[in-house]
């Protein structure tokens, strides 16, 4: 009650002071007039008068604090960031101030917003320092582009590229200046010359001569001291640092390479800021797979504790992924798998194909999809593998059946897709195994008595492989065809290739013409002769034998 009365008196005094009140006595008499009924009221009035005077001093002190805050003359701060209490000043000026007045002082400070001011949020509270650059001896400061303060990957590490953070910033400013100068000169050339003129300008000719002269000055034969320097650098740092690139090529070409590096890393940093690439998420650079060490091409959504490793170790039979060589060695000592799970439906020589059900062998199929994503850009299937069948091709030796490649296929495809995803392992690429996988998928379509086609959209490498396969199928069919009239439908039924794919392949080979209201297929003998020559050189080792297939279409899912 006393605390509320004191606040009421402070409010009344400030209002009356603004209205032009004369003295403190008027305030005291007005306040005591409300309680003059008995002798006890007189004593109570004297006590309230003392409280009113102390409240007046309290209001004046609070006004002084507000005025000092408005004039940016804030009192010195304590280590916690709060303003020191002024209760000691009040006690010295008025030793008879009660405990209730101190409470009123604290409440007024809270209302003024000066007490218990929140701390300023520091930078390190919102920055993740758990992520570190994997380069030995690097403190994650600086960036190869010169535009960021920190980095967490090898590609953005200045130390890995034998540079310092300050050198990267200087190079970034020089690149920006060069871009501005080049843009300005291009605008001047556009103003001087019309767009139709194809001749080189004088500036372009001078620049071309300058580049030619710079490339002539390069010392093509490194000196013995430089060779020793390169050897020492490689022996000291190994693969943890980029090789020394000075004097390997001209300064102009080296600068072009550095610009391309910075530009590619800048684009990657923009994708990271947009959330499309997680920082540190693409740290898997190599995998140890059997007797091979493979460089990865793309990011794969492995668990975070594995995705941040620079190297991943895998069992080539069960596809389990591990963190170290020791764990892999212990796993291989007790792993009983020597071939993929499922049924072996094809065998000829050392080549076998296993049919793996995604519902029965879920873990194996998920590991296979994660492995495939390291080498495929367009792939979205990782964990939902139950609606798919996986056909895994292997090559056998005395140690087991080694993974060559695979393709997945929907159990019930509405559009009759015979391939959803296809991959050939990098160590078996450019050896004919990709066409064997494609040929095997069409062999299954023939047994099912269906016309098949790969799922769209195709990747760039996938389109090249399928175009090459369709070309060979059509040339083989035309070579063996002896009639006069040919039908796209008949070709499709015999080869199980979709008519749309047949027409697009004929158009790319310039073998489909429109003449006198009819579509004609031209039998180009030169293409057929080239195909026969390549077929004879390749032999029959990398072909699918339909008689070696022991398979019947699955019934239902």
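Cβ coordinates are placed from backbone N, Cα and C, and glycine is handled just like the others.
Over in TrEMBL, the protein carries these features:
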- 18-103: region 'Disordered' (REGION)
- 32-45: compositional bias 'Basic and acidic residues' (COMPBIAS)
- 48-62: compositional bias 'Low complexity' (COMPBIAS)
- 63-75: compositional bias 'Basic and acidic residues' (COMPBIAS)
- 172-240: region 'Disordered' (REGION)
- 172-193: compositional bias 'Basic and acidic residues' (COMPBIAS)
- 203-214: compositional bias 'Basic and acidic residues' (COMPBIAS)
- 224-240: compositional bias 'Basic and acidic residues' (COMPBIAS)
- 279-553: domain 'MYST-type HAT' (DOMAIN)
- 455: active site, proton donor/acceptor (ACT_SITE)
- 536-557: region 'Disordered' (REGION)
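DSSP states for the compositional bias 'Basic and acidic residues' (224-240), grouped as helix (H, G, I), strand (E, B) and coil, give 17 helix, 0 strand, 0 coil.
For the residue listed as 'active site, proton donor/acceptor', other Cβ atoms within 10 Å of its Cβ number 17. For the domain 'MYST-type HAT' (279-553), the predicted model reports an average pLDDT of 89.
Within the region 'Disordered' (536-557), the DSSP-based counts of helix, strand and coil residues read 6 helix, 1 strand, 15 coil.
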